[in-house]
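Engineer: Quick one: the structure is below, and I'll ask about it shortly.
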Amino acid sequence: MLDPRLSVAPMVDRTDRHFRFLVRQVSLGVRLYTEMTVDQAVLRGNRERLLAFRPEEHPIALQLAGSDPKSLAEAARIGEAFGYDEINLNLGCPSEKAQEGGYGACLLLDLARVREILKAMGEAVRVPVTVKMRLGLEGKETYRGLAQSVEAMAEAGVKVFVVHARSALLALSTKANREIPPLRHDWVHRLKGDFPQLTFVTNGGIRSLEEALFHLKRVDGVMLGRAVYEDPFVLEEADRRVFGLPRRPSRLEVARRMRAYLEEEVLKGTPPWAVLRHMLNLFRGRPKGRLWRRLLSEGRSLQALDRALRLMEEEVGEEGEKEKPGPRGQREAAPGPAREGV
């Protein structure tokens with residue numbers, strides 16, 4: 001059964017396997033999504049590079065984009081074979097590239113095609129096929145139109161709807177589309193009341209766990225995006241307060257785990273910066289956090305991370321962890337729980 005309560009949004013050039021691994025160290029319960037992946041890339045590209053992920057990343061969803069039912073169905077089959085727990089169809093990307101390719105938000109103009117796509121994908125796989133959509137297009141959305149779109153997709157077998165609670169303005173940039181169209185989370189709340197048999201996840205502009213908890217009283221789930229990338233420890237209390245799991249490790253312990261991960265990845269030929277760039281915000285708002293960023297940005301190596309870690313060990317200590325007497329009476333940090341992501 002898909003647990004929709006809390007998830008991290010698919011973000012292009014952000015939610016790759018390295019960032020997802022980092023997030024999993026902060027929260028065991030949160031649901032992870034890949035970057036948006038076009039169906040043709042799955043069919044013709046390097047599948048191992050595009051789709052491979054570590055077992056620790058579960059639960060994880062593959063987000064696909066495209067406009068051809070057969071191609072998307074085949075891409076969904078491939079994703080399921082790789083072990084993804086969910087296949088999500090992007091109906092929200094407003095970018096010029098998406099419009100040229102006939103996928104993303106512009107597909108909302110052709111609900112008959114959307115239904116055909118979703119039916120084909122649903123018949124191709126056994127895992128849930130879900131959608132991530134906007135309220136509508138060009139600021140002309142109405143609640144009635146949104147509800148009709150949901151009904152049409154539900155008839156095609158979709159049970160889970162992730163709704164970015166904004167319209168898509170196709171003449172604007174992707175960044176502007178995250179900021180200019182007004183948020184209408186109340187429409188998503190209303191959808192849950194009108195379609196109680198369906199699952200609704202609201203998304204857009206949610207910056208804190210407190211905000212997420214507010215919406216969780218009204219809908220089935222909340223998806224956070226940029227806030228998590230800007231500070232992964234927005235999710236610090238998510239396991240305890242949302243999933244009833246023990247509190248996760250401190251920032252310093254997560255940094256140490258990422259150091260071990262980076263060492264392993266470098267041996268596989270991964271450029272260090274591919275991992276380090278996602279770690280820049282790990283100490284956001286903390287003492288010496290800016291120096292941490294600078295050391296990683298300038299050094300871009302395992303050695304640079306080691307220097308930054310030594311700095312944080314001296315300046316921050318074992319944040320959030322109890323201390324116990326050392327062998328000679330000095331104070332030392334008690335070891336954190338030896339839990340790894342599952």
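Glycine is no exception: its Cβ is also placed from the backbone N, Cα and C atoms.
For reference, Swiss-Prot lists these features for the protein:
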type     : residues                                                                           : note
BINDING  : Pro10, Met11, Val12, Gln63, Lys132, His164, Asn203, Gly204, Gly205, Gly225, Arg226 : FMN binding site
SITE     : Asn90                                                                              : site 'Interacts with tRNA'
ACT_SITE : Cys93                                                                              : active site, proton donor
SITE     : Lys97                                                                              : site 'Interacts with tRNA'
SITE     : Lys175                                                                             : site 'Interacts with tRNA'
SITE     : Arg178                                                                             : site 'Interacts with tRNA'
SITE     : Arg290                                                                             : site 'Interacts with tRNA'
SITE     : Arg293                                                                             : site 'Interacts with tRNA'
REGION   : 313-342                                                                            : region 'Disordered'
COMPBIAS : 313-331                                                                            : compositional bias 'Basic and acidic residues'
Engineer: Would you count the other CB atoms within 10 A of the CB of Arg226 (FMN binding site), including those on all shown protein chains?
Structural biologist: 15
Engineer: What's the number of neighbouring CB atoms sitting within 10 A of the CB on Val12 (FMN binding site)?
Structural biologist: 13
Engineer: For the recorded positions Lys132, Arg178, Arg290, Arg293, which one has the sparsest Cβ surroundings, going by other Cβ atoms within 10 Å?
Structural biologist: Arg290
Engineer: Using DSSP, would you call Arg178 (site 'Interacts with tRNA') helix, strand or coil?
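Structural biologist: Reduced to three states, the DSSP call for Arg178 (site 'Interacts with tRNA') is coil.
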Engineer: Output the one of Asn90, Asn203 that, of all these recorded positions, has the highest number of other Cβ atoms within 10 Å of its Cβ.
Structural biologist: Asn203
Engineer: How big is the gap, in Å, between the Cα of Lys132 (FMN binding site) and that of Asn90 (site 'Interacts with tRNA'), rounded to a whole number?
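Structural biologist: With distance taken Cα to Cα, Asn90 (site 'Interacts with tRNA') is 5 Å from Lys132 (FMN binding site).
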Engineer: Which residue, of the binding-site residues Pro10, Gly205, has its CB surrounded by the fewest other CB atoms within 10 A?
Structural biologist: Gly205
Engineer: Here are the recorded sites: Lys97, Lys175. Which has the lowest count of other Cβ atoms within 10 Å?
Structural biologist: Lys175
